[in-house]
Amino acid sequence: MYASREDIGYDFGDDSKVGSKPIKPNPNIDGGWAWMIVLSSFLVHILIMGSQMALGILNMEWLEEFNQSRGLTAWVSSLSMGITLIVGPFIGLFISMCGCRKTAIIGGILNALGWILSTYASNVHYLFLTFGVTAGVGSGMVYLPAVVMVGQYFQKRRALAQGLSTTGTGFGAFLMTALLKYLCTEFGWRNAMFIQGAISLNLCVCGALMRPLSPKDVSEKYVVRSNSEDNQAKALSHSAETIKSNGVLSEEPEKKEEAANEEVLDSVQHTEIGGKSKSGRKMYGLRILKRVSQLTVTVRKGFAIWYSSYFGAASLFTNRVFVAFIIWALFAYSSFVIPFIHLPEIVKQYNLSSQNNIFPLTSIIAIVHIFGKVILGIISDLPCISTWNVFLMANFTLVTCILTLPLMQTYASLAVVCALIGFSSGYFSLMPVVTEDLVGTKHLANAYGIIICANGISALLGPPFAGWIYDITHKYDFSFYISGLLYMVGIIFLFIQPCIQKKQPREKSTEQAQ
């Protein structure tokens, strides 16, 4: 039988007596501190994704300052966006070993350092290293934990919680566009980046808010999830069951290994206590040995979980729908990023700068993007609605807008298309939910790391490709057409794989009947 939605996120006590014990609400799931996690994730999206969506302002400043081609200059923005997402699988390893809180705090420091060092740039290539790589890696170390923590703390209202937290991207794009434009006008782009670096230190505060769930809470949430499949995702259930049946790590060797390591640590502690009369140097050596032993246990355990997710018997790549999801992600994100980077330049070409200065088109995308995420999240949480179908419809709307954008040459028509782009791109809030439905909570960090890595490759190559096409044709039209068609190929993959998954169980049942 399927567990009801209301059952998820509650304490069950002894697993062998699930039906005999009364169900007690677990305050750590879907309530209490969970909403502080949403707030933390919301602020992370403002400071990271929002500021990246406002890089069109700095891109124009860099073009004037360094007098390089549009294709080369666009690499600065795309490197920052791309590396933020590409490092996802490796950040999954950090999360397995250190936890979300420590990973996010270290990332906040790196991100701020990247912004501040960029103020001393003497050429575009210097920005590749400071802003593209340093700030990009720091952003990735904060972004993935922010998404994963919301997935861990919510079950019944996952789509809504992810929708609320990721609206920070829209708010951030609106606020950061206005802030960077003001700072560049008043203080110049170098001082603007220095101030933005100081603001980015608030990411460390966001990381500190990411209080980890106790192992008991995580295991209970996972056990209930593994026994229940959402009725809305029947087309994906066969694929999800495959990864869940294969995805349970061998725990007995782990327990034996942990017990052996505990014995080592205990022996070190006893030696330490019994040797109080010995020299301080020996005591210091024993403490170091104890710390190294603890670190070794943590690193080996984290690496085992990370390795099994990618290369072991529990490899996520055995899930065909998940593989199709990765192929979609490789083409999708560039179609959303290209307008943000190149719209200011397009508006300038169409002589619409005066109207755009009153209300920028990128701000229209950002504002409507906020409503899109919340509304799509609410719709997806309805019992009669499939999250997967909402996700696909939003993708179809977005790719249609990307293909029609070059045909619009007035401010009003561009504003309408940009509003539709903003609303339909609200499907980003559903990506963690769809990923979790495919692979389960236990594999969410590593699986979502792969998805955002694919998105990162798309974001990395998209804007420079659009700039390169412009340098050849002196038009952005072909950039939108090509990226839109590639995006359509990715959506077709999402349609094909669930159909194959549906056919396979039917074929097996026919063979058994014969």
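The backbone N, Cα and C atoms fix where each Cβ goes, glycine too.
Those TrEMBL annotations? Automatic predictions, nothing curated.
As given in TrEMBL:
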type	residues	note
TRANSMEM	33-55	transmembrane segment
DOMAIN	37-502	domain 'Major facilitator superfamily (MFS) profile'
TRANSMEM	75-96	transmembrane segment
TRANSMEM	103-121	transmembrane segment
TRANSMEM	127-148	transmembrane segment
TRANSMEM	160-180	transmembrane segment
TRANSMEM	192-210	transmembrane segment
REGION	245-264	region 'Disordered'
TRANSMEM	321-343	transmembrane segment
TRANSMEM	358-376	transmembrane segment
TRANSMEM	388-408	transmembrane segment
TRANSMEM	414-435	transmembrane segment
TRANSMEM	447-466	transmembrane segment
TRANSMEM	478-496	transmembrane segment
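Contact between the transmembrane segment (447-466) and the transmembrane segment (160-180) does not hold: fewer than three of their C-beta pairs are under 8 Å, each pair 6 or more apart in sequence. Counted over residue pairs 6 or more apart, the CB atoms of the transmembrane segment (388-408) and the transmembrane segment (33-55) come under 8 Å in fewer than three pairs, which marks the two as apart.
Between the transmembrane segment (75-96) and the stretches 103-121, 127-148, 321-343, the greatest number of Cβ pairs separated by less than 8 Å involves 127-148.
Contact between the transmembrane segment (192-210) and the transmembrane segment (358-376) does not hold: fewer than three of their C-beta pairs are under 8 Å, each pair 6 or more apart in sequence. Packing against the transmembrane segment (414-435) from elsewhere in the chain are residues 147, 150-151, 158-159, 162-163, 165-167, 169-170, 322, 325, 336, 339, 343, 347, 352, 359, 361-362, 364-369, 371-377, 380, 387-388, 390-391, 394-395, 397-398, 401-402, 404-405, 408, 444, 447-448, 451: each is 6 or more residues past its ends and has a CB under 8 Å from a CB in it. Outside the transmembrane segment (321-343) by six or more residues, the chain places 53-56, 59, 74, 77-78, 81, 85, 173, 236, 239, 243, 361-362, 365, 395, 398-399, 402, 405, 418, 421, 425, 434-435, 438-439, 447, 450-452, 454-459, 461-463, 465-467, 470, 476, 479-480, 483-484, 486-487, 489-491, 493-494, 496-498, 501 with a CB less than 8 A from a CB of the stretch. Here the listed stretches are 127-148, 358-376, 478-496, and the one with the most C-beta pairs under 8 angstroms to the transmembrane segment (33-55) is 127-148. Using a Cβ-Cβ cut-off under 8 Å and counting only residues 6 or more beyond its ends in the same chain, the transmembrane segment (103-121) has close neighbours at 44, 48, 91, 94-95, 127, 130-131, 133-146, 190-191, 193-194, 196-198, 200-208, 210.
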